[in-house]
Amino acid sequence: MSKLSVFFIFLFCSIATAAESLPDLKIEKLDEGVYVHTSFEEVNGWGVVPKHGLVVLVNAEAYLIDTPFTAKDTEKLVTWFVERGYKIKGSISSHFHSDSTGGIEWLNSRSIPTYASELTNELLKKDGKVQATNSFSGVNYWLVKNKIEVFYPGPGHTPDNVVVWLPERKILFGGCFIKPYGLGNLGDANIEAWPKSAKLLKSKYGKAKLVVPSHSEVGDASLLKLTLEQAVKGLNESKKPSKPSN
């Protein structure tokens, strides 16, 4: 067997092992009528990354807040709730990255309504990705009147990041905007605007009972303060003159 053949066999096995080593989709009850779904993906430079989203139940209907990373896990998530008697009424994506939108194409193929802001759809189109079938504009949007509110605090992690507020439960899904322990991937971030956006979010939802970030543990409203501090720190660091290379 040639060295090249051995290399490709090793590469294939490594990829297969990495895929098999990803944890299974997790679905956990957070509050009455609110579930956290957690999917996992191998991300270059970051290793295996967990991503949280929500499923909100309104009577016999279920709404997805962000899809899992993949179509496969999105199908698993939908099936889990359908088997328990719920109709999947729609999905909303909090920004254009794949950890929020990876299941849109599968949902569209099943005629399940998908929602995103006009800006998110524009960014998806720019990237050659499948767009949500429904879009909205403005700072506020009610996915379900008095039950599921979407709010745009301004640019931060991405230009289009929105959060989702559940007023009856006082639960805020902050998604990838909430970064209490470090700003993470800054590839599409607006460092200059993030502190102002974070301050607005803190003032609006400072009495939230629970705050759900995308990539760290669920916490209380203190995560809003920590995110603001990280955003300010990131802005200050961006203003420091770079050290000359030797």
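Backbone N, Cα and C atoms are what each Cβ position is placed from, and that goes for glycine too.
Annotated Zn(2+) 1-binding residues in Swiss-Prot are His95, His97, and among His157, His215 the one listed with them is His157. Minimal Cβ crowding within 10 Å, among the binding-site residues His97, Lys179, His215, is found at His215. Each of the binding-site residues His95, Asp99, His157, Cys176, Asn185 was scored by other CB atoms within 10 A of its CB, and the lowest score goes to Asn185. Of the chain residues outside the Zn(2+) 1 site list His95, His97, His157, Ser94, Phe96, Asp99, Ser100, Thr158, Asp160, Asn161, Gly175, Cys176, Phe177, Asp188 have their Cβ within 8 Å of the site's Cβ mean position.
Recorded residues His215 (Zn(2+) 2 binding site) and Lys179 (beta-lactam binding site) have their alpha carbons 8 Å apart, per Cα-Cα distance. Asp99 (Zn(2+) 2 binding site) falls within a helix when secondary structure is assigned with DSSP.
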